[in-house]
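Lifted from TrEMBL, the feature list:
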| type | residues | note |
| --- | --- | --- |
| TRANSMEM | 16-35 | transmembrane segment |
| TRANSMEM | 56-75 | transmembrane segment |
| TRANSMEM | 87-110 | transmembrane segment |
| TRANSMEM | 131-156 | transmembrane segment |
| TRANSMEM | 162-181 | transmembrane segment |
| TRANSMEM | 193-214 | transmembrane segment |
| TRANSMEM | 242-261 | transmembrane segment |
| TRANSMEM | 282-308 | transmembrane segment |
| TRANSMEM | 400-424 | transmembrane segment |
| TRANSMEM | 431-449 | transmembrane segment |
Amino acid sequence: MQEEDPSRPGFGIADYAVFAVMLLVSMAIGLFQALKKGKGEATADDFFTGGRNMPAIPVGLSLCASFMSAVQVLGVPSEALRYGLKFLYMCLGQTINALLTALLFLPVFYRLGLTSTNQYLKMRFGRATQLLGSIQFLIATLLYTGIVIYAPALILHQATGLNMWLSLFSTGIICTVYTTVGGMKAVIWTDVFQILVMFSGFLAILIHGTVLVGGPARVLEIAYNGSRLNFDDFDVDPRKRYSFWSLSVGGSLLWLSMYGVNQAQVQRFISCRTERQAQWSLFVNQVGLYLIVGSAATCGIVMFAYYINCDPLMSGKISSPDQYMPYFVLEIFENHPGFPGLFLACAYSGTLSTASTSINAMAAVTMEDLLKPHLHNVPEKKLILISKALSLSSLLDWGVLQGSFTVMGVVSGPLLGAFILGMFFPAANQVGVICGVAAGFSMSLWLAIGSTLYPPSAEIMGALPSHGGNCLLSNDSLSSTPSSIIHLHPDDHE
């Protein structure tokens, strides 16, 4: 870990004000939904689904917001900087996923009127398969929520010196409170606000960074000369980090497991008023993802152009790729009060949206799959209180840091296979699907462990060259170096 520089720029009053406004508005939306009593709040199911009366546009924006956690706010720009704009082929995989989800998976879940996706596994195979799906989902989501809460807390610690554990607690308690008191409606409407904050943050960075480089034409010229406009990569080498095939074909399967059958996303689109509105929400989500992911990736290209002669990672000013974005923001906005706070609000919004979605989904799965079958003749008011208590219990989720993405990937693939077997293969039975999930989980875990212990070199993965040898000594006084932002890819730099 690098030593902190006491002379580096940090947060001022304007930055704290911008950040505080985002937090207060998020809390206010949750409290408003809690105080807004209506017919759609009579049962525990309504608490988890918003009364199944939500319009398509806010649901679609909520689906988009829950994808863009602080991990993506930090990671997408650095990936685009290091691997080029071919990263945007991910949007093609997301489009294929949206079509398959809208036409194949969504109608099944919506017409059955389920609250938990694992209820389908019980109806199709039996109680044992439902429990297997529920437990795997809870473990994976708990771990993933840990990392998306940890990332902005660490940014806040590096930028302001605030105690990191206090940051973790404040992050967890804010999203848990508005999720607990407001339910799914609070999650969705807060996500709408937070996606606007995220887009505003990326837009501000994109515009100001482009101006500093010399305009859009100059950015594109540098990116082209640096091989960052690399949309012609059709290499089939599976060891490469990104290519057309891995992002379109492999990406579509990844997103299908996250959108088609994942409780956190399915719970959102089944909250729509009609099946057609639910399908439209998926396409609204796609438009939002194009804008957000495109903005984030383009920020990475602007960073590459800005640091063309002095890559801060190669020059030792930062120690991991995930530090690029906060380093860049604090440098270019050093004399612009409020904008560093907007970036932090951008990252924090991504985390709040993802964490609140995960909290609500974990509470729904725990209630519907694990507790409700044993709670016979319990009044609905008590079920609602139990549901809120389950949301509140997610405050305990703050101890799991690295490896969460790997765990999500290990779990989501086999579960997708279970749902595909159930929906499209009538001959499949409970013994077969449990054996299949176990075999798929074992194989995925073996691959994940192997790729972690024996990672390919940066050259094999396709990392593009950068330049760090022309740094001027005077640049050190212009930049703020966060000492240790989350390190998601320990194998990426040498």
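Using the three backbone atoms N, Cα and C, a Cβ is placed for every residue, glycine included.
All TrEMBL annotations are machine predictions without curation.
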Item checked: Contact set, same chain, for the transmembrane segment (56-75): CB under 8 Å, 6 or more residues outside the stretch -> 147-148, 151-152, 155, 187-189, 191-192, 194-195, 198, 201, 258-259, 264-265, 268-269, 271-272, 277-278, 280-285, 287-289, 292-293, 296, 322, 325-326, 346-351, 353-355, 357, 405, 485-486, 488
Margin query: I need to check the long-range neighbours of the transmembrane segment (431-449): which residues 6 or more away from its ends have a CB within less than 8 Å of a CB in the stretch?
Written below: 125, 128-129, 132, 136, 406, 409-411, 413-415, 417-418, 421-422
Next item on the list: Would you kindly list the residues that approach the transmembrane segment (16-35) from elsewhere in its chain, counting only those six or more residues past its ends and only Cβ-Cβ distances under 8 Å?
Entry: 174-175, 177-179, 181-183, 185-186, 189-190, 193-194, 197, 338, 341-342, 344-345, 348-349, 352
Notebook entry, point to check: Against which stretches of its own chain does the transmembrane segment (193-214) lie, if we need a Cβ under 8 Å and a gap of at least six residues from its ends?
Noted result: 22, 25-26, 29, 61-62, 64-65, 68, 73, 222, 288, 291-292, 295-296, 298-299, 302-303, 305-306, 328-329, 332-333, 336, 339, 342-343, 345-347, 349-350, 352-353
